[in-house]
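Novice: Quick one: the structure is below, and I'll ask about it shortly.
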Amino acid sequence: MSESRTSADGGMETSYGFREVPGGEKQGLVNQVFHKVAKRYDIMNDVMSMGMHRAWKDAMIAALNPRKEPGYKVLDVAGGTGDIAFRIVEASGRQAHATVLDINGSMLGVGAERAEKKKLSGNLTFVEANAEELPFEAASFDAYTIAFGIRNVPRIDKALSEAYRVLKRGGRLLVLEFSEVDMPLLDKIYDAWSFNAIPQFGKAITGDAEPYQYLVESIRKFPNQENFAAMIRQAGFSRVTYTNYTGGIAALHSGWKL
């Protein structure tokens with residue numbers, strides 16, 4: 001489970017994959033990972049999910065069911081390349097406005113380029129900022145989405161509290177994340193794929209296995225479905241549920257600010 005701890009010298013430590021690092025160092029280490037993979041992020045997700053992330057994301061947007069009306073505002077966090085935001089805007093009939101927030105400028109650069117090619121720039125705003133300290137007024141958004149990003153945040157509880165703060169009353173939180181496989185045979189297959197194949201595929205694609213090794217380890221350190229649902233409730237959300245995808249390889253968590 002990814003959480004902050006107090007070290008022997010009184011400082012806060014958190015997990016970076018299977019390593020324990022000072023809390024203040026994790027974000028910089030994660031940034032290095034995503035600077036390396038930004039240009040090939042979709043390929044990375046294909047490798048990590050065995051190609052299933054596209055269907056999971058489509059299911060996430062179907063669950064959100066964005067309103068087809070002007071003024072509907074969504075904050076997509078850790079969404080630099082725009083993959084989720086583009087889907088939201090299209091699903092709303094190009095009525096919604098999505099703010100794409102990411103701490104990594106390289107990822108945002110890829111997203112902005114793609115938005116121009118898709119002629120969606122008018123529906124999108126790209127913001128470089130930290131999920132733990134959102135630069136928005138309270139009650140600014142109708143929905144908050146984050147896909148495969150929350151496990152990379154050093155202080156997950158802080159990010160969830162910020163999500164609650166910036167949502168309007170009646171707003172919805174949706175978190176799509178790799179999770180704990182709940183099928184006995186599938187868990188062994190996915191473990192073998194994750195620790196043996198994924199880093200090697202990553203090295204073949206990008207020339208560097210290390211970012212993929214971290215990403216695999218970060219999945220194993222992330223809270224399981226029930227524990228993460230409890231964290232969402234602790235942040236103040238109501239009607240908290242989750243839906244497993246592909247035997248729990250990923251899970252979609254939902255909560256409401258009521």
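Cβ from N, Cα, C; glycine included.
Swiss-Prot feature annotations, pasted as is:
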type    : residues                      : note
BINDING : Thr81, Asp102, Asn130, Ala131 : S-adenosyl-L-methionine binding site
REGION  : 1-20                          : region 'Disordered'
Novice: For each of Thr81, Asn130, count the other CB atoms within 10 A of its CB; which of these binding-site residues has the top count?
Specialist: Thr81
Novice: S-adenosyl-L-methionine site residues Thr81, Asp102, Asn130, Ala131: biggest Cα-Cα distance, Å?
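Specialist: If we measure all Cα pairs in Thr81, Asp102, Asn130, Ala131, the largest is 16 Å.
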Novice: Take the Cβ of Ala131 (S-adenosyl-L-methionine binding site) and count every other Cβ within 10 Å, whichever protein chain it belongs to.
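Specialist: So the number of other Cβ atoms within 10 Å of Ala131 (S-adenosyl-L-methionine binding site) is 26.
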Novice: Helix, strand or coil for Asp102 (S-adenosyl-L-methionine binding site)? Use DSSP.
Specialist: strand
Novice: So what sits near Asp102 (S-adenosyl-L-methionine binding site) in its own chain, CB-to-CB under 8 Å and at least six residues off in sequence?
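Specialist: The list for Asp102 (S-adenosyl-L-methionine binding site) reads Val77, Ala78, Gly79, Gly80, Leu108, Gly111, Phe126, Val127, Glu128, Ala129, given in order along the sequence.
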